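Among the features that Swiss-Prot reports, S-adenosyl-L-methionine binding site is placed at 73, 105, 124, 125, 126, 127, 128, 129, with the record citing sequence analysis.
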């Protein structure tokens, strides 16, 4: 199985980017992982929230193939413990999913088109985080999930 994380907009904070790069490298020992950044939409001042979500949705859809399984990182998604998330990853691998795609949306969330296309939603927390920090937290949780599946000493119960 391959895992792809799609996010809108680049990470401006160099310290965060360094950590994202570190966990991305660590994760590559367990699974093929790609972080794909969609550039911020230009001239958003001239767009309504729904128009911006639609444009971002079109860009997200252009990055997907027909066989991808799409999971949205969404505040209303299902929450997991780290162990529960690792079990969910194992189920996806066992089910024969070729590419599991997680998406961090733009500042206003996702368009209805994206919600309809998604096979699931995951929430990292009831708290709100910057989208740049969500990238780091999520990639770290992927890494943690794979160390749990391999019974490696990174995660402590």
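Using the three backbone atoms N, Cα and C, a Cβ is placed for every residue, glycine included.
Projection of Swiss-Prot feature records onto the structure.
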{"residue": "73", "record": "S-adenosyl-L-methionine binding site", "Cβ neighbours (10 Å)": "22"}
{"residue": "105", "record": "S-adenosyl-L-methionine binding site", "Cβ neighbours (10 Å)": "22"}
{"residue": "124", "record": "S-adenosyl-L-methionine binding site", "Cβ neighbours (10 Å)": "19"}
{"residue": "125", "record": "S-adenosyl-L-methionine binding site", "Cβ neighbours (10 Å)": "10"}
{"residue": "126", "record": "S-adenosyl-L-methionine binding site", "Cβ neighbours (10 Å)": "7"}
{"residue": "127", "record": "S-adenosyl-L-methionine binding site", "Cβ neighbours (10 Å)": "7"}
{"residue": "128", "record": "S-adenosyl-L-methionine binding site", "Cβ neighbours (10 Å)": "8"}
{"residue": "129", "record": "S-adenosyl-L-methionine binding site", "Cβ neighbours (10 Å)": "14"}
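For the S-adenosyl-L-methionine site, whose annotated binding residues are 73, 105, 124, 125, 126, 127, 128, 129, the maximal Cα to Cα separation is 16 Å.
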